[in-house]
Amino acid sequence: MALRMWASSTANALKLSSSASKSHLLPAFSISRCFSSVLEGLKYANSHEWVKHEGSVATIGITDHAQDHLGEVVFVELPEANSSVSKEKSFGAVESVKATSEILSPISGEVIEVNTKLTESPGLINSSPYEDGWMIKVKPSSPAELEALMGPKEYTKFCEEEDAAH
């Protein structure tokens, strides 16, 4: 019993979380420093979007850090399928109880799928930013743009420095 309590308090202090329910989608554990989760296997933009590249498809959403700063998301505006997105250009908006923010595309390409669940349940961005709260799936037009994005360690450091400056 004492060991279980110690393990639980240690996990809480380190902000370790298990994603056993969807282990086929994400790494078994993610480490959260201070404020939000940053996952291995994803790329990150300095505008706080993430990209998961699998084969010829890149899934895009906003990071846990971004949704945490936005607060409760109440409305999402997304592009239509078969439209194009351009790197560092707006493809939609997220309205929260705090503000409305444009969402910038971290890469260029053709939108092949839009997460229509967000129309009825925009809060999925808060509860599951890396799984159920994804926004669009894109066929990338420039693989070099993916390589230019930050990895998890770089993004964590970027967020820490950005938060320290504010």
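Placed from the backbone N, Cα and C atoms, the Cβ positions cover glycine too.
Not measured: the values here are computed from a predicted model.
If you look up Swiss-Prot, you'll see 1-35 marked as transit peptide. Look at Swiss-Prot and you will find 57-139 tagged as domain 'Lipoyl-binding', backed by sequence analysis. Taken from Swiss-Prot, the feature N6-lipoyllysine covers Lys98. The feature phosphoserine is assigned by Swiss-Prot to Ser141, with similarity to another entry given as support.
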Within 10 Å of its Cβ, which one of these modified residues (Lys98, Ser141) has the largest number of other Cβ atoms? Ser141
Which whole-number value in Å describes the distance between the Cα atoms of Lys98 (N6-lipoyllysine) and Ser141 (phosphoserine)? 34
Mean pLDDT across the domain 'Lipoyl-binding' (57-139), rounded to an integer, is what? 97
DSSP output for the residue listed as 'phosphoserine' maps to coil
